[in-house]
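Some features that TrEMBL has for this protein:
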TRANSMEM  B:25-47  transmembrane segment
TRANSMEM  B:59-82  transmembrane segment
TRANSMEM  B:89-109  transmembrane segment
TRANSMEM  B:115-134  transmembrane segment
TRANSMEM  B:141-162  transmembrane segment
TRANSMEM  B:182-203  transmembrane segment
TRANSMEM  B:215-233  transmembrane segment
TRANSMEM  B:262-280  transmembrane segment
TRANSMEM  B:301-332  transmembrane segment
TRANSMEM  B:344-363  transmembrane segment
Amino acid sequence: MSAAIASTPDAAVRPEPGRPLIEVRDLVKHFGPVVALAGVSLTVRAGEVLCLLGDNGAGKSTLIKTLSGVHKPTSGDFLVEGRPVAFSTPRDALDAGIATVFQDLAMIPLMSITRNFFMGREPIRRVGPLSFMDMGFADRVAREEMKRIGIDIRDPRQAVGTLSGGERQCVAIARAVYFGAKVLILDEPTSALGVAQTSMVLKYVSQVRHRGLGVIFITHNVRHAYAVGNAFTVLNRGKTLGTYRKSEITIDALQNLMAGDKELQSLSDDLDGMV
Amino acid sequence: MADREAVLTAIRDERLKRQSTLRRLMAMPELGAIAGAILVFLFFGVTAGGTGMFAADGVLNWVTVAGQLTIIATGAALLMIGGEFDLSVGSMIGFAGMMIAIPTVYFGVPIELSVLFAFVGALAIGFLNGLIVVRTRLPSFIVTLASLYILRGMTIALSILFANRTIVSGVRNFADGTWVQALFAGKAFSGLFVWLAETGVIATLPNGDPAVKGIPAVVLWAAGLALIGHVVLSRTRLGNWIFASGGDANAARNVGVPVGRVKIGLFMTTAFCATVYATCQVMEFGSAAADRGLLKEFEAIIAAVIGGCLLTGGYGSVVGAVFGALIFGVVQMGILFTGAPNDWFLVFLGLMLLTAVLFNNVVRRRVTGER
């Protein structure tokens, strides 16, 4: 069994850092008369965190749903490791190594950690013509993977509902990493979390990056973005306003850019820069 | 910062440790039903101990009732865990009975083929129920409420049409001596019971036969279906998919669980269970009647809920549903044995359901960490 654990997808060779994993050029998505994306371009590189910033309605959700196979783009180029792709289901995206951790849909609270961790990819043990879920193996892996990210769980069969919000996000990320994701899309993983929980998630995101994965980190919190991001793409009204390396832009400039117009900036000045 | 976190972790761990045993117990969905069953047995052990309730023929009595209910409660529990309801179970029992009796009695179809026809027909109706629910995303409550009326209506109408009354009798003439009758209404291990009677372990009738001739087929069906249901739910990939489909269909879909197929399969399972129930009844009584299975859908749901299934899906167990059915059988028959007016059974049932739901609500909060 230990051999089985060693040969898990996690041990697969990661691409060298800096190589583009996802390239998107002029992506357009219409919903009937509504133009949700009006030409978005971005590049996700191995070993880097790309922060996707934008206010509500900027098109962040549509963009990630397109990247994760929920929506089909109306036009534009979508390359994964240099090859054009057209996903028709979330499963296609998963098989191509793009795993999305949705903010509130990551885990099912009533189900055990083990059952959540292996949901949709249950390990199978065959007994004659019958096939069973290998609960012993699943429990062991779940416990080990939790330990790796610093969550010491006594019982992997305890319900996910007993974990904190930050822990749940971390379990969802660990699951994606374990099953061989090359690109992680994190949809506002910190927006509902307190300070300690947020730092736990950010720490883990940074750890995942060092293991050579590409991460798309969606947030509207510039501080969280700046803490872990290597590059920042700002979306506004369905378009990319620009992509900046961390060395090219300050946190304040990023905040201003994201605000889009002067209104928030002046409000922010009124509030002594507290927004 | 690091210190602060270490302290926080320590506090959290300590708290978890203190609660973990309790939590673990509370996290067993069947806990309430098992505790309830023990209480019920204690109660009737005291009040009905001398009435023959716990003699062989008395035991047979409530085990049969519990067994019948277990058959449909297993299907209902799996479906509820999968996040849906089936209110058409009772009507399906009546209709499946007609699907056996009418072709046999009025069209000369061999009884084996009629039974096969009933199973195929019921599975098709279950498939249709599931398909409508999955495609339209309407609440299964409404969709199967429609099926409840359609199937019951067809059962009555067809019965009147062919037999000119609400009962189609005479199935026995065609069923006697066939293997389907043995399979659905036979008695197993009769040799063992003869031997038990001879050795005096169980009572004998005046003519020398044992008071209990064997284990009724319906009880064995119940045990078999419940065992399969339990293993599938707790030990297979499909079981994980059932939990996931009921827990959060969107989250399940996002990781590639075929939620639609799982749910349709579960509707077919409840239809299958209802048909097993119906076939046992038809073979036992030698007839099909338009009122068979009336209100059984609620009994099945009650057993599942007492067994710890949440009405919102994603949580529960087949073992719990079996204990729910056992409580049901013991109480219903126990009241007869104690000689208390049977009307009180419904009052008790209602109170028990309410208690179970309140208890489940507490459990769910514990498990999900809601406050």
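Cβ atoms here come from the backbone N, Cα and C positions, even for glycine.
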Interface check, the transmembrane segment (B:115-134) with the transmembrane segment (B:262-280), three or more C-beta pairs under 8 A: yes
Intrachain neighbours beyond the transmembrane segment (B:182-203), with Cβ under 8 angstroms and 6 or more residues off its ends: 55-57, 115, 209-218, 220-221, 276, 279-280, 282-284
Recorded stretches the transmembrane segment (B:215-233) and the transmembrane segment (B:344-363) touching, at least 3 CB pairs under 8 Å: no
Cβ pairs under 8 Å between the transmembrane segment (B:59-82) and the transmembrane segment (B:141-162), at least three: no
Cβ contacts under 8 Å made by the transmembrane segment (B:89-109) with residues that lie 6+ beyond its boundaries: 72, 75-76, 115, 117-119, 121-122, 125-126, 147-152, 154-155, 158-159, 162-163, 168-171, 174-175, 270-271, 273-275, 277-279, 281-282, 287-298, 300
Segment-segment contact (the transmembrane segment (B:301-332); the transmembrane segment (B:141-162)) at 3 or more Cβ pairs under 8 Å: no
Cβ contacts under 8 Å made by the transmembrane segment (B:141-162) with residues that lie 6+ beyond its boundaries: 85-88, 90-92, 94-95, 97-98, 102, 105-106, 125, 129, 132-133, 168, 288-290, 297
